[in-house]
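**Q** A single structure is presented below for examination.
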Amino acid sequence: MASDGGFPASFYGEPGVLGLLANGISAFLVLLQNFHGARTGVPAEGVENILAGVHLILIGGLCQLVAGLLSFRKYDHLSGTSFVGYAALWASYGATRIYLGANQQSPNPFNESSMANSTFLDMNTNTGSINTTDIPLYIKESAIAGLVPYILLSFLLAFCSATVNYIMPFVFGAITLTLIFEAVGLVAGWALVVSGILELLILLFAIYGSSALLIKGLTQRYVLKGFGNPLFNVLLLGTTNAGSSQSLGQEKKKNTKYAEPMALGFFCDTVSPFIFAFYAFHYFPSNSVAAIWITINSAAQLLSSYYAYLRQDCYHATKFGLHCMFWLVKTWEEYVVSATTGQIEADNVRPAMVGNWFFLSAALVFCIASLNKDTLELIHNSFFALVTISTISQIPVKHYYMFFGVACSLFTLLSFYGTFARLINTIAEKSLIPVGPQPVSNESLQKHLSYLKKSKLIEPEDKGAQIPDALFYLCNGLAALSAIHNNQSNLAFFDLTVPWVLIPGAIMQAYISRLQVQGGQKFGSVVPSFYVAIWATWCWFRFAGHRLQLSTESAYGFAAGAIAFLVINAFLILVAAYGNLVNLALITVMEVIIVCFLLSTLGRLPYQLEVAMLAIFAIICLYGMLASLVNGMFSKTLIPVGPALIKDKKKNKSETTYPCLIANSRETSGLLKIAKLLENNGVCGIPTDTVYALAASCKNPSAIEKIYTIKDRPAEKPICICISSVEQLVAAKPPFSPLLWEFMRNVYPGGISCIVPKGDWLLKLGVGPAYDRVGTRESIMIRVPDHTATAHLCEFTGPLAITSANPSGEADSTHHDMVINRLGHKIEGVLCDGESNEVVASTVVNCLKIDEGAISILREGCVPALKVRQIFERVKNSML
């Protein structure tokens with residue numbers, strides 16, 4: 001609901017309240033067990049561990065995850081990264097307790113596998129005899145390997161948070177010390193008492209911090225100290241590096257609708273390889289518990305891919321999806337080794353596995369794609385390629401794990417530095433921590449990548465269409481290459497192959513299907529969803545069949561399913577003929593692969609044909625991934641994917657038919673057409689200096705109400721007004737202070753919206769009948785776009801009520817085609833101006849208390865908050 005004196009509570013939401021409380025309560029749960037174990041001398045056992053683990057997952061994991069997701073949507077880089085990272089920590093800690101409790105036998109203080117309890121209280125009995133009849137779980141060693149990277153990253157978060165406020169550094173610092181003593185407590189029980197004291201401090205700091213944020217959200221000012229002022233200015237960490245700034249600013253537009261997820265991606269790339277390094281160096285020989293930590297951390301990395309997708313960042317969405325998939329596949333392959341096949345048998349069958357080569361090929365593609373990024377990005381991709389090389393199955397067993405451990409260690413160090421650099425540079429909005437210059441300019445890279453292009457192809461209408469496509473090709477190519485085997489393969493090979501086919505082909509592809517649904521891509525979710533079923537069934541029958549002990553009758557059932565797959569895929573071939581040649585080739589080869597699957601259910605599989613088809617399929621996917629990634633990065637067709645085999649003649653005829661009136665912003669007649677529609681109670685899409693907006697005339701309150709229906713916009717969210725210039729505002733003679741007038745003259749026209757007090761002056765401005773339909777009861781937000789067409793339109797119509805031209809909750813419209821396609825059937829007209837100047841909306845500044853010497857940033861948009869505050873300070877000082 002809207003507050004009495006300002007904008008709605010949705011603008012003021014403080015996810016930090018939930019995040020801090022989740023940390024405090026989670027620490028309190030661990031504190032209770034630590035103190036209870038220290039007082040009674042009885043460590044937690046069985047159900048007690050399971051219940052504690054469940055609570056940690058629900059509170060420290062899920063609740064804090066929600067806080068992190070909301071922080072990303074609030075454009076809070078630090079809180080988003082911190083809360084999602086800590087959510088992964090508490091969830092991993094909780095899952096370890098559950099695993100421990102489920103595997104504990106009756107209390108036996110001399111059984112090492114049962115003594116590594118979730119509070120890890122060491123009763124100094126580990127020197128006793130070990131029950132050799134139990135399989136060692138190595139929970140203690142695995143937990144140490146998981147805690148150490150989080151200790152380092154937590155310290156990093158504490159340091160970075162000191163550049164923002166002086167509450168979070170104490171919370172995150174206390175968490176860092178707690179994790180240190182929790183790790184020490186695995187081998188020395190006294191440390192858990194110290195850990196309990198620190199956990200109490202976490203709770204106290206978290207309560208104070210959440211209270212301060214909650215009161216700030218309710219009162220819209222800082223009542224309790226701690227937020228609003230940093231411990232030290234982030235600019236003290238260095239001076240802007242010109243070369244790095246060039247690479248950071250290489251894109252004309254910057255999407256600030258969501259916080260940058262790059263730091264979170266590097267964060268996760270620090271944790272997973274660190275745990276793998278411990279495993280590769282044989283600190284713990286069983287991967288059972290480590291698999292939990294890496295899986296949860298990989299889920300967090302998948303979120304970084306998702307938010308990169310929401311930011312229309314094809315490169316990072318695909319990169320972090322690739323890394324997530326790699327860590328998942330490797331950890332569950334090693335889990336199969338630990339739990340099923342055994343190391344000796346695995347070493348014998350691994351040379352026949354070829355899926356690693358696709359990971360290496362994909363890593364090399366990213367090395368090429370990052371040539372126009374900063375040097376840190378290129379080096380990071382190169383070291384990831386080194387990690388993939390270290391996992392090549394054909395490496396002699398004697399050197400396999402040593403090579404893998406060294407590569408993971410180097411990659412961990414680089415990722416840790418990358419986390420620090422990305423966090424500080426995004427907080428400061430400039431390159432303070434060196435990341436190196438651009439190795440290759442955009443123009444040079446585009447020139448070299450476009451050599452394959454023989455003819456100019458029509459660019460896709462949807463600039464983000466390739467974002468999920470690159471991941472789609474990546475997942476299918478990896479699954480196909482990993483599925484290659486011959487009729488001599490033994491059961492251990494099948495066991496090891498399951499994660500290589502199931503994770504990319506089914507699990508990760510389900511994520512891609514979700515992206516396709518959200519983005520409304522050409523195939524929607526049909527192809528990835530269908531291929532999820534194919535690879536899951538393939539894995540079930542071909543590789544897990546011996547474990548499931550499938551009968552002959554079951555094989556006939558799979559044969560019937562394969563026939564259904566053939567029919568559906570044949571239909572998809574027909575549809576793909578209207579698309580590009582790469583998709584058509586991919587789906588056609590899949591038809592032959594399904595035929596091979598059908599023959600395998602009947603016991604008549606031609607292995608040579610299947611191997612050839614799977615290899616061709618993987619090659620097509622590799623090319624498709626390269627083309628989709630590059631074309632998506634540059635929003636143009638540089639690497640050809642081929643024309644449609646079948647031309648849609650009806651489509652060409654209907655191209656001039658639109659669901660609403662279309663007007664050209666460069667023609668006066670176009671402006672007059674839109675103005676007439678607005679005068680006649682219409683709602684139209686118009687360009688601004690940021691993104692496209694829906695507009696209604698303030699003379700027609702009913703048209704403003706229609707906007708809410710068109711967008712499915714919540715009724716409690718107010719709509720702002722748009723005017724042509726500050727002079728138009730001056731003519732209405734609002735009772736603004738000299739400071740407010742001077743501030744507005746410095747920010748208008750431009751991508752900043754100011755919230756000011758409402759009054760009768762709005763009637764003079766021309767708002768009139770719409771007075772109660774715009775803003776809140778006490779305030780109104782005013783936009784003065786730096787856009788010639790919009791300014792002239794406002795001169796024709798008077799003040800306009802505007803809001804972003806997108807269905808509520810979806811991405812902003814950055815091209816008039818997006819407005820037409822998404823909302824054209826609901827509105828009367830669109831003023832076409834091509835691609836927008838920005839990809840996010842304006843920055844919203846609350847000026848209601850400007851006379852008290854304070855402004856607040858309610859939404860950071862195309863203009864950075866730091867720049868807004870600099871303008872305000874300059875204006876305020878000039879008024880003294």
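Glycine is no exception: its Cβ is also placed from the backbone N, Cα and C atoms.
A quick note: this is a predicted structure, and the numbers were derived from the prediction, not measured.
So TrEMBL has the following annotated:
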- 12-32: transmembrane segment (TRANSMEM)
- 52-71: transmembrane segment (TRANSMEM)
- 143-164: transmembrane segment (TRANSMEM)
- 171-191: transmembrane segment (TRANSMEM)
- 197-215: transmembrane segment (TRANSMEM)
- 262-284: transmembrane segment (TRANSMEM)
- 290-309: transmembrane segment (TRANSMEM)
- 352-371: transmembrane segment (TRANSMEM)
- 401-420: transmembrane segment (TRANSMEM)
- 555-578: transmembrane segment (TRANSMEM)
- 584-602: transmembrane segment (TRANSMEM)
- 614-634: transmembrane segment (TRANSMEM)
- 668-863: domain 'YrdC-like' (DOMAIN)
**Q** Are there residues at least six beyond either end of the transmembrane segment (262-284) with Cβ under 8 Å to its Cβ atoms? List them, or say none.
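**A** Residues packing against the transmembrane segment (262-284) from afar: 77, 80-81, 84-85, 88, 138, 141-142, 144-146, 148-150, 152-153, 290, 293-294, 297-298, 300-301, 303-305, 307-308, 316, 319-320, 323-324, 327, 330-331, 334, 380, 384, 387, 401-402, 404-405, 408-409, 411-412, 415-416, 418-419, 422-423, 426.
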**Q** How about long-range neighbours of the transmembrane segment (401-420): same chain, 6 or more residues beyond its ends, C-beta under 8 Å?
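**A** Beyond its ends, the transmembrane segment (401-420) has Cβ neighbours at 149, 152-153, 156, 160, 263, 266-267, 269-270, 273-274, 276-277, 279-282, 376, 379-380, 383-384, 386-387, 389-391, 395, 433.
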**Q** Using a Cβ-Cβ cut-off of under 8 Å, list the residues of the same chain that are 6+ residues beyond the ends of the transmembrane segment (12-32) and lie near it.
**A** 3, 6, 52, 55-56, 59-60, 63-64, 66-68, 70-71, 74, 76, 79, 82-83, 86-87, 90, 93, 119, 168, 171, 174-175, 178, 182, 195-196, 199-200, 202-207, 209-210, 213-214, 216-217, 220, 858
**Q** What stretch, picked from 143-164, 171-191, 352-371, 584-602, has the most CB pairs under 8 A with the transmembrane segment (290-309)?
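**A** Ranked by Cβ pairs under 8 Å, first place goes to 143-164.
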**Q** For the transmembrane segment (143-164), give me same-chain residues lying six or more residues beyond its boundaries with a C-beta closer than 8 angstroms to one of its C-beta atoms, as numbers and ranges.
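**A** Same-chain contacts beyond the ends: 78, 81-82, 85-86, 89, 92-93, 96, 116, 120, 172-173, 175-176, 179-180, 182-183, 186, 230-234, 237, 267, 270-271, 274-275, 278-279, 283-284, 289-290, 293, 412, 416, 419-420, 423-424, 427-428.
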**Q** Return the stretch with the most CB pairs under 8 A relative to the transmembrane segment (584-602), choosing among 171-191, 352-371, 555-578.
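**A** Of the candidates 171-191, 352-371, 555-578, 555-578 scores highest.
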